[in-house]
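Asker: I have a structure here, written as structure tokens, and I will follow up with some questions on it.
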Amino acid sequence: MLPKIAVIGEGVIGCTSALQIAKAIPNSIITIFHDKPFENSCSAGPAGLFRIDYEENTEYGRASFAWFSHLYRTTKGAETGVKLVSGHIQSDNLESLKQQQRAYGDIVYNFRFLDDRERLDMFPSPSKHCIHYTAYASEGNKYVPYLKSLLLEQKVEFQQKNVESLDTIADAGYDVVVNCAGLYGGKLAGDDDQCYPIRGVILEVDAPWHKHFNYRDFTTFTIPKENSVVIGSTKQDNRWDLEITDEDRNDILSRYIELHPGMREPKILKEWSALRPGRKHVRIESQKRKTNETGKEYTVVHHYGHGSNGFTLGWGTAIEASKLVKKALGL
């Protein structure tokens, strides 16, 4: 019999996991379960700029960067959402920028610190220190649908279903269940209370001349997309509310205008909010389980907790998750 594998989650982590599994186990039957339309998911809105928060994830990011490089060379960006962009991260905290250098400075292109002349000439209210680099950005509203198109070519099925128990999926005939439920991954696992929401709000504005990303201390940023510029953001731990308030808008716009005074009163094209899946470390782990109802033995592979680095790390962590699936099947 062909192995049956269920993936819980249709976002960037679920789709990259399913694609890696399809590549590693080409004769498998794969079904992706998701509880809502993709456009309402956390993966639909991000500009997807490559940036790694923690050095422990460097090698996962390196694998993802190689994948984005391949897509950039071989496939139209209008299809994949992948493009090459340059820009800057500013901070008064020199150590935070050195940490960025350690995390991905040898992965991206042209990583360097700006000298004082560049920093003072380029920015209206510069921070004390600034790095420059060139990297790939993968727009969520194009990149994930592109992954989905590759999965459909591989005969992967998609089912909209609210999964409340991993056991019920195993009892439906699946040998391995891959938990890519993001923020709800810990609750679904049943043994993990380390997940928490990180509330994020971004605005998309009409600024076609703005071609470079610019960060200040990782919470204030501008990132160009194909037809807009993303400005943001909020990073509010343990907040579950999604309604965008005037306080959110005023906070983001005031910080943004300090970065770019020439763009006062930008035309807002779109607003978006989501709950990033916060966790101290990404969870990539395999467990043997037995269902309560029928006693069926199965394996669950946990793959969640990427915070705001899902697009940057997802391809690399999915490679690791697919290895665990393959091992669980004795292949």
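Heads up, the Cβ atoms here are built off N, Cα and C, so glycines get one too.
Copied straight from TrEMBL:
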type: BINDING; residues: ALA47, GLY48, LEU49, VAL163; note: FAD binding site
type: BINDING; residues: ARG276; note: D-dopa binding site
type: DOMAIN; residues: 4-321; note: domain 'FAD dependent oxidoreductase'
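In terms of burial and nearby residues, how do these features look in this structure?
Answerer: In the structure as shown, the Cβ atom of GLY48 (FAD binding site) sits within 10 Å of 28 other Cβ atoms.
DSSP assigns ARG276 (D-dopa binding site) to a strand.
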Asker: Just to confirm: which same-chain residues, 6+ apart in sequence, have a Cβ under 8 Å from the Cβ of ALA47 (FAD binding site)?
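Answerer: Same-chain residues close to ALA47 (FAD binding site) (Cβ under 8 Å, separated by 6 or more) are ALA137, GLU139, GLY140, ILE223, PRO224, LYS225, VAL230.
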Asker: Please classify the secondary structure at ALA47 (FAD binding site) using three-state DSSP.
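Answerer: It is coil.
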Asker: Taking only the Cα atoms, work out how far VAL163 (FAD binding site) lies from ARG276 (D-dopa binding site), in Å, as a whole number.
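Answerer: Between the alpha carbons of VAL163 (FAD binding site) and ARG276 (D-dopa binding site) there are 19 Å.
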Asker: Just how spread out is the FAD site if you go by the largest Cα to Cα distance in Å among ALA47, GLY48, LEU49, VAL163?
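Answerer: Pairwise Cα check on ALA47, GLY48, LEU49, VAL163 gives a maximum of 30 Å.
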Asker: Note the mean pLDDT of the domain 'FAD dependent oxidoreductase' (4-321), expressed as a whole number.
Answerer: 96
Asker: In whole Å, note down how far the CA of GLY48 (FAD binding site) lies from the CA of ARG276 (D-dopa binding site).
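Answerer: Taking the Cα atoms only, ARG276 (D-dopa binding site) lies 13 Å from GLY48 (FAD binding site).
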